[in-house]
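Listed features, source TrEMBL:
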type     : residues : note
COMPBIAS : 217-233  : compositional bias 'Basic and acidic residues'
DOMAIN   : 11-215   : domain 'Prephenate dehydratase'
DOMAIN   : 258-336  : domain 'ACT'
REGION   : 105-125  : region 'Disordered'
REGION   : 217-250  : region 'Disordered'
Amino acid sequence: MSNSREDKDVTVAFLGPLNSYSHEATKLTFPESRWRLEPTKTIQEVFDRVQSGQAGYGVVPFENSTYGTVSFTLDGLADRAGAYADILVCDEVYLDVHHFLLGRRPPPQQSSSSSPQSEPPKRTPLYPLQHIRRVYSHPQALGQTARFLAKHLPHAETVEVSSTSRGAALAAEDPEGASAAVAGESAGRAAGLDVLAMWIEDMEENATRFFVLRRKGGDEREGKGEQEQEERGPAAAARGEDGDDGGPYNEGRYKSLVSFTVPHRRPGALADVLDCFRARGVNLTSINSVPSFTAPFQYLFFVEFEGSRLDDPDGRVRGVLEDLGRAAERWRWLGSWRNRKPVR
C-alpha cells in the first residue's frame, strides 16, 4: 500500500485558482494531505501538464446538470491538433454545486430597513442590490443562475471570467463595492466578501461532473497496472483499496468513452455507428459533438456508454469496438472508469 510521501510526489493539476469548484472536486478524490494539488489558469493547461508528464493526474469539469457540457474540455478530448494522444479518462467526480452572490453590503441607508434572517432564504437577496453594477463569474455559473440574475440584477453587467473564484477575487478588488461575483461560499470567504444571496442556482439539483485525466502508461505506483488504476480510480488504486461492492458483474458499474467521425455524405452513417451499440446491448449514457475542423459543418462525435474495455467478461464492449472500427471513419478510445453517479 502506498503511503502519504509517495502520493505527495504526484502532482494533480486542476482548473484554478484555489477555492474554485474544480478545487473542491479535486479534493474529494485527491485529499490535500496526501497529494500535491496545483491550480492552472485554463483547462487546456491541465491537458498540457498531464500529457507532458508534469502532472500525474488532471481534474477538469465535463458537464453540468443544468447548463450542459463544458466546451473547453470537449475541445481537449477532441484533440484535433494531435497534442494529447496519450490522455485517457480514468475516473469521474460528481459535485453538488450551490452558487452564492458575493460582494459588499450596500451602504447603511439602503440596508437599514431589514437585516439578514438567522436562516436566510434561498434564491432571495439578503440586501438591496441597487449598488451592484457588474457581476463576475465563469460562463457556466452565469448560465446556471440566469433566472436569478435576470430577476434581481437586470441593471447589472455580467462579465465572464476564467473561473468562479477569479470572479470573487475581481469583485473584492473593486474599491467602490459595485461589483459582485457568482461563486461558491468558500471562494467568497477567501476573498473577504459578504454573502448577498445564497443558493441562487436556477435548478435545485444542480451538479457538475468532473473527469480525472491520466496519461497512458503513466505513473503506476507499486506495480499497479493500468487496468487497476482506471477501474477503481487513481486514489483508490494508490491506497490499495478494492473499491468493489462484491456483487455480481454489472456493466452499469463502469463507463467508457469513445470519439469518432463518420463519412458525412453517406446516408445513415451516424445511425450505423450508433447501431453498433444497440446490436450488442450496450446502453449509451451521453452523446456530444464538436466541429471536426476537417470541413465546415462536419463533426466529431463523443459517445459515453456503460461497460468497460478492461473488465468485459461477456465481450460486449470488445465487440462494439470491433464493429466501430468497421462503421466509423475513424475512432479513438478515451478510457474506462468506475461509475460514480450518485443514486438520488
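The backbone N, Cα and C atoms fix where each Cβ goes, glycine too.
Small disclaimer: the values here were computed from a predicted structure and weren't measured.
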- [ ] Please list, for the domain 'ACT' (258-336), how many residues fall into helix, strand and coil according to DSSP.
- [x] 23 helix, 27 strand, 29 coil
Open item on the list: Averaged over the domain 'Prephenate dehydratase' (11-215), what pLDDT does the predicted model reach?
Closed with: 92
